[in-house]
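Asks: Questions regarding the structure given below will be posed in turn.
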């Protein structure tokens with residue numbers, strides 16, 4: 001048995017079982033049967049579908065990393081949700097506040113969106129131990145970021161939760177900067193028609209359930225659903241149009257559709273509950289789709305090479321840039337809404353800009369530190385030659401001989 005297998009076998013199972021044992025003990029002491037709101041289950045179900053089915057298939061575009069994309073996604077989600085619930089419980093105990101268990105579960109699942117997005121940036125370059133450690137670290141830091149926003153900047157907890165895409169994208173990019181770039185001669189960092197089709201299935205799941213995600217913590221649910229749908233619809237239409245216009249042969253490109261159709265939902269998320277007219281959401285969806293497609297060219301040709309950054313799933317232009325657009329749009333809409341109240345306008349704008357800057361700063365700084373920790377030799381960073389390869393972790397009966 002090669003040394004890599006011995007290391008894998010001796011570390012991963014015991015780490016998982018140890019974490020689960022700690023979770024069980026903590027749940028025993030910290031939780032009681034306080035009842036739940038049954039009507040909230042549909043919201044949790046939709047968010048759970050996004051995480052398991054949506055992102056599970058969304059990350060399956062690599063031709064030799066399908067088992068790991070879906071399998072590791074499920075592993076980090078089920079561990080991460082438990083961890084996030086415990087973190088939120090500790091924070092509530094310190095603040096002497098209470099919250100229904102299902103509400104905590106919903107926000108824990110939403111927090112895991114940040115982790116899954118970050119995972120896309122380092123997809124294929126991390127082993128399960130590193131992914132689990134990154135999940136725990138990111139959940140702690142994201143909850144700390146939300147706490148700082150709600151405590152010092154007086155942002156509502158529901159609004160701070162919508163920074164999940166911004167935080168996840170830039171945390172993941174910062175972590176990715178500490179991993180070696182794949183070899184340019186390797187063909188494993190590529191897709192096939194079958195893997196692209198499976199990935200597009202995940203995109204469709206995300207597209208269908210995104211209105212539920214944006215509305216689940218909103219005070220005006222119907223308005224959030226309404227605006228999110230139109231933002232998504234226009235971003236999808238724009239993605240098809242721009243895909244034809246930006247390709248040399250004038251054909252649709254699946255990678256464009258795969259990323260840009262979701263950009264509208266990300267951008268609208270910040271202000272979905274407060275946008276009064278659907279045409280505003282539609283404009284945001286159009287701009288987000290343009291940014292996602294044109295941003296992919298800028299990132300891959302102008303930004304990533306000098307920074308020596310490799311973003312496997314393109315989370316920067318799929319989630320990061322549209323999230324920045326959404327945050328800026330929220331500030332502009334706030335200025336328009338409070339234009340007649342000039343004395344307080346400056347303060348309101350400063351708070352919103354401060355929230356955005358704090359979130360992205362915490363994500364970049366802590367992501368960079370997390371990347372340094374994950375690359376410690378203790379966690380057995382996989383060699384570049386084994387990037388994007390299922391066979392390093394999964395059993396393939398027809399390939400068992402000689403491997």
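Even glycines carry a Cβ here, placed using N, Cα and C.
All annotation found in TrEMBL is predicted automatically rather than curated by experts.
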Asks: Do you know which of 112-128, 180-196, 197-213, 248-264 TrEMBL annotates as transmembrane segment?
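Replies: Of 112-128, 180-196, 197-213, 248-264, TrEMBL gives transmembrane segment for 197-213.
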Asks: Let me spell it out: take the transmembrane segment (197-213), skip the flanking residues so only those 6+ beyond its ends count, and list any with a Cβ under 8 Å from a Cβ in it.
Replies: 42-43, 46-47, 49-50, 53-61, 66, 110, 113, 191, 224-225, 228-229, 232, 236, 254, 257-258, 261-262, 265, 269
Asks: If you count Cβ pairs under 8 Å, which stretch among 74-93, 131-148, 160-176, 319-339, 345-374 touches the transmembrane segment (279-298) the most?
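Replies: Answer, by Cβ pair count: 319-339.
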Asks: Between 74-93, 131-148, 160-176, 319-339, who has the most Cβ pairs under 8 Å to the transmembrane segment (43-62)?
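Replies: Ranked by Cβ pairs under 8 Å, first place goes to 74-93.
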Asks: Hey, which bits of the same chain come close to the transmembrane segment (131-148), Cβ under 8 Å, at least six residues off its ends?
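Replies: Apart from its flanks, the transmembrane segment (131-148) reaches 15-16, 19, 72, 75-76, 79-80, 83-84, 87-88, 91, 111-112, 114-115, 118-119, 122, 157, 160-161, 163-164, 167-168, 171, 175, 358-359, 362-363, 366-367, 370, 373-374, 379.
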Asks: What else in the chain is close to the transmembrane segment (225-245), if you only count residues 6 or more beyond its ends and a Cβ gap under 8 Å?
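Replies: Long-range Cβ neighbours of the transmembrane segment (225-245): 207, 210-212, 214-215, 251-253, 256-257, 260-265, 267-269, 271-272, 275, 278, 280-286, 288-290, 292-294.
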Asks: Using Cβ atoms and a strict cutoff of less than 8 Å, what residues sit near the transmembrane segment (160-176) while being 6 or more residues removed from its termini?
Replies: 107, 110-111, 113-122, 125, 134, 138, 141-142, 145-146, 149-150, 214, 217, 266, 269-270, 309-312, 315-316, 318-320, 322-324, 327, 355-356, 359-360, 362-368, 370-371, 374
